[in-house]
Each structure stands twice: as C-alpha cells, then as structure tokens.
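Per Swiss-Prot, the features are:
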type    : residues               : note
BINDING : C265, C268, C300, E307 : [4Fe-4S] cluster binding site
Amino acid sequence: MINRKKTRELFIGDVGIGGDNPIRVQSMCNTDTRDALSTRAQIDALAEAGCEIVRVAVPDEEAAKALPQIRKGSPVPLVADIHFDYRLALSAMEAGIDALRINPGNIGGEDKVDSVVSAAKERNVPIRIGVNGGSLDKALLAKYGGPTPQAMVESALEHVALLEKRNFYNTKISLKSSSVLNTIAAYKLLAEKVDYPQHVGITEAGTLVRGAVKSSVGLGILFWEGLGDTMRVSLTHDPVAEVGVAWEILRSLGLRERGPEIVSCPTCGRTEIELIDLAQKVEDNLRGVEDVFTVAVMGCVVNGPGEAREADIGIAGGRGLGIIFRKGEVIRKVKGDENLLPEFMKEIELFLKEKRGQ
C-alpha cells in the first residue's frame, strides 16, 4: 500500500493537483506552437489517449499569438513553457493559458518578476518552477561540484523564495535530471523542505524502449515513496506514446487505471500461431477504450486458459484452432487462424456491452 505525501492543493484549469487528488498524467506537444492547427490536433490526440494536462512551448510572440486559437475549446488545461522573456508569460496569460512553466530567477529584474506574479495572482494562474540538472547556474555547479541533487534543490528553493517574497504560493516544482538516481534523491530532499506539489519525470530519458524503462524505474520508485503529484514520461517519440506508458506505470502500482490491461505470454517453442502479431493487433483494436478490464492473449490452448484464469476475457491459439475464454472457462472455439482476431473482437464487444449494462 502506497501512502502518498500530502502536498498543497492547486488547480490547473479545473484539474486538481496535490492534496487528495490522484497523480495526474501530463505531456508536452512537439509541434511548432506557431502552427495552431497542428498543435491543437496533437492536444486533442493526447487528450483522447488519457492526457490530463498539456504543455506547449512559447518561444516567441508569434507562438504567443497562436495561443488563443489553440486554447479555445481545448479538452484539457494548457501550460505555457516560457524561457527568460517575461513578456511572453504576460502574453500567455492574456491568451487565457491555465498555468506557466517559468523560473522567476531567469526573467530579469525585480520589476519583471513583479509583473508576472501580479498577473498570475489576478488570473489565478499557477507557476511551475522547473529545474533541470543540465542548465543549473554556474555558481551552484561550482559550489556542489556538478548537478547534484543538493544543487537542484537549492536552485528550486531560490526560485521559490522569489515567489514567496511576493506572497505567491500557487506553485508546483519539478527537478529533472537524466540520471534516475539523482532525480530520486532530489525529489526526496525537496519533500523534506517544502510541501508544494511535485511534477515528476526523468528528462532526456531517450527513445521508446530506453525512455520507458528509465521513466518506469525512476517514477515507480518515487511513487512508491509517496512522492509525485503530476507526471510526464519523456520520450524521443510521439508524445501520445508518453501517455500510454504513464498510465501503465500508474496501473502497475495500483494507483490509477484507465482502459484494458492486456496480458500476453512471451511465446515459446509450443506456440503455434503468430502470437506477437495477434497480441499487437488486439492492443491496437482496443486503443481508445476506457473501460477497465483484463484481456489475455495466449499462445497455447493447453495451458493458456489456466495461466490466464484471472483475465476477464482471453484467447489462446493452437494449430488451426483457437479458444476464447472468460475467467478461465472456455466459451467458444474458433477454426482458422485468420478468424482468431475478428471473432475475438466480437466477443470483446459483447463482453463490453454486458459490462456496461447495454
């Protein structure tokens, strides 16, 4: 049983963060924000996949001018990612953005910080302080001998102090590093010092497999420790894939569930069907289904139903014959490998209608 650390509650749009709220799934568009249509299309795709908050880069005024069109009717709250230029933060808030990712210590003098904080207060816009181990201040790097967890936390607290000095507490913090161990240590240290909500992730995690593994290890340990209020799985891949990995991490730890869990055997010499292809096609066909249930795809008619008896519905294939089962009990036999997928999907549709009471 995971006992989550209680943090301050804040809202990004209508999505509750921290407090008693669940861990929220977040991602970031990789489109050019100046292209409002493609950016909005990706936001819609992310939302359909289960993303609850989306961040967009705002590198210049042209991107800021596209925000109203992107924001209008968005299915999820949006966070504007701002670097250095306080005017972009002001423009983003005027456009109706739901939150900012900006480091107040990097935007210039006190008057500029005052302007951003004043506007954020007026519009109830939270600010995420985002510390990255790869871009720490040179003085901190010299003090700690590198991008250590202590250096990352001190950097975050310096930014926090600028906001608290102005009585601004609508704040979330992230401490990201490409090192799993440094990231874990940094978040644990931060949690000892402040109770602001934490946005957790492993930055520059890598391509699909490497990034999914690093993120799963790092985030899994943080969640087990009770840390983390929002999450992003950073992948060098389609951002929609980040959302799927995030939900699987949450499901694996019993924290949240969304959509079917698909279990399948790793194949062996007894496998007599194209199981890898079948399992992938079942997963593809169920993408977008939000109902929570377990589907098994097994490669052996002898052991399959018994090994997957906990599955709500499953299929096991043999040479020219497949069996469909529910909770380990055979309900149908299917002849011909080419019929396995279509007949199984029909049974899943029937199962879902029954589950939904239709």
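The backbone N, Cα and C atoms fix where each Cβ goes, and this holds for glycine too.
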Which residues of the same chain, at least 6 positions away in sequence, have a Cβ lying under 8 Å from the Cβ of C265 ([4Fe-4S] cluster binding site)?
T271, L275, V297, M298, G299, C300, G304, E307
Can you check which residue among the binding-site residues C268, C300 has the largest number of Cβ atoms within 10 Å of its own?
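Checking each of C268, C300, the winner is C300.
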Given the recorded [4Fe-4S] cluster site (C265, C268, C300, E307), which additional residues of the same chain have their Cβ within 8 Å of the Cβ centre, ordered by sequence?
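The answer, listed by sequence position, is P266, T267, R270, T271, M298, G299, N303, G304.
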Could you find out if DSSP has C300 ([4Fe-4S] cluster binding site) as helix, strand or coil?
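Where C300 ([4Fe-4S] cluster binding site) sits, the three-state DSSP reduction gives coil.
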Count the other Cβ atoms sitting within 10 Å of the Cβ of E307 ([4Fe-4S] cluster binding site), across every protein chain shown.
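There are 17 such Cβ atoms around E307 ([4Fe-4S] cluster binding site).
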